[in-house]
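What TrEMBL says about this one:
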BINDING   D30, K35, T86, T122, E155, K266, R331  NAD(+) binding site
BINDING   F152, L153, R154, E155, K207, F252, L253, H254, P255, G256, G260, K324  substrate binding site
ACT_SITE  C263  active site, nucleophile
DOMAIN    317-418  domain 'UDP-glucose/GDP-mannose dehydrogenase C-terminal'
Amino acid sequence: MRIAVIGTGYVGLVSGTCFSEFGHDVICIDKDAEKITSLNAGKVPIFEPGLQAMIEKNSRSGYLKFGTDLKTAVEDADAVFIAVGTPSRRGDGQADLTYVYAAAREIATALTGYTVVVTKSTVPVGTGREVERILRETSPEADFDVVSNPEFLREGAAIEDFMRPDRVIVGTTEKRAQEVMGEIYRPLSLFQTPLVITSLESSELTKYAGNAFLATKITFINEIADLCEKVGADVHDVARGIGLDRRIGAKFLHPGPGFGGSCFPKDTRALFQTSIEEGSPLRIVDTVIDINEKRKMEMAERVIDACGGSVSGKQIAVLGLTFKPDTDDMRESPSLDILPALVAGGAIIRAYDPEGMEEARNLLADVDFCNSSYATLEGADALVIITEWNEFRALDLTRVKSMMKSPVMVDLRNIYDPHDMALKGFTYRSIGRPN
Ligand code: UDX
């Protein structure tokens, strides 16, 4: 299959690269000529394990190309994937579809022969129909079908998620388009990956419903964790106990400082807005959004509390700034709420993150960025772990303790054991476990 991918952001780049790994002939298109030049020179703009190597391999073998010429790419393609950004719109939180519709207009003028136009970006219900309308209006004679094919990849595990998905959702009732999509994903039949064939609308809603459900699961365990602290229970035992019930499932029951990232916050807001617009408000999603927002601030209060009620003039070492490990992505990271709250409380912050600091420098004021975990610690009154990077799991705790002014650790990801930490002489606070 000849595939054109429009947009070389996270989803576009990973999808295009993985399609080329399947053996398809792929060209990724972006308006940003500088980005394309650097991709052609082998420079990958995002940090994603395995991506660089896969791009290099498939570029070398000729399966993967990068360019700015949308017209030629679309003319030659059997399928065109729209993977441009859909940021949160200011005001109502609905997804901003400006880029999707602009791409559709451009694609329309270049369609030749039968082409499947696929929305890969996360788009609200009804977007596929609007893309269909734009294509028809711009090129009444064109032969095409519009398909929704949402992406479920997690940052940090994107390649694995794409190459070994739990399922692939294909939103179209048109037989010809189903056949093209079946052909594109044929390599996955080796793993008997289910292809869920459904309508455009069901497919679009599946993506939002999936993300909102996972966000709800996290928020649920976060609240159970708070209750655990009150009653002297251990949230990990509770999560394991409920997670072994297959109706619940063990994943996404890890408590923490609240969910962040480029998807859950944005998608829950957009889904809630759709539900309001349609007169069928999703109250549970509204509550999840609200709890999660407040939770980030509560984490700052937890740190202040661990420091004896005030951080004024205190030196706080912070490990981890990104919204989760194995990414350089700072979008909606809890650190963006926690650190400013501590600074406002008068704290002096020294922070380190293995990949996120370049971006963090643009987003966080009054923070001293250090080049290693230990460099944050000299004379610290408290250590706060915000992101569970592997390198923070095996700190030399004797060294940590000897460097700090007072051995207080607030572990917002529960990567250390409370009993062990007490034995080592730390004042240790975590989430949902007895101190
Ligand atoms: C998510 C979805 O998993 C993916 O399917 C979708 O396509 C995009 O959004 P991603 O944002 O990359 O992926 O990260 P994910 O691993 O899902 O984590 C999201 C947030 O939830 C992070 O802030 C993470 O720390 C938090 N989280 C996740 C928890 O706090 N507890 C958990 O048990 C799991």
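Backbone N, Cα and C define each Cβ position, glycine as well.
Note that the structure is a prediction, hence the values are computed from the model and not measured.
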Using a 10 Å radius around its CB, how many other CB atoms surround L253 (substrate binding site)?
21
Determine the minimum-neighbour residue: among K35, R154, K207, K266, R331, listed as binding-site residues, which Cβ has the fewest other Cβ atoms within 10 angstroms?
R154
How far apart, in angstrom, are the most distant Cα atoms among the substrate-binding residues F152, L153, R154, E155, K207, F252, L253, H254, P255, G256, G260, K324?
23
Of the recorded positions T86, R154, E155, P255, C263, K266, which ones put their CB under 6 Å from ligand 1?
R154, E155, C263
Within the domain 'UDP-glucose/GDP-mannose dehydrogenase C-terminal' (317-418) only, compute the mean pLDDT.
97
Expressed in angstrom and rounded to a whole number, the NAD(+) site built from D30, K35, T86, T122, E155, K266, R331 spans a maximum Cα-Cα distance of 25
Secondary structure at K35 (NAD(+) binding site), reduced by DSSP to three states
helix
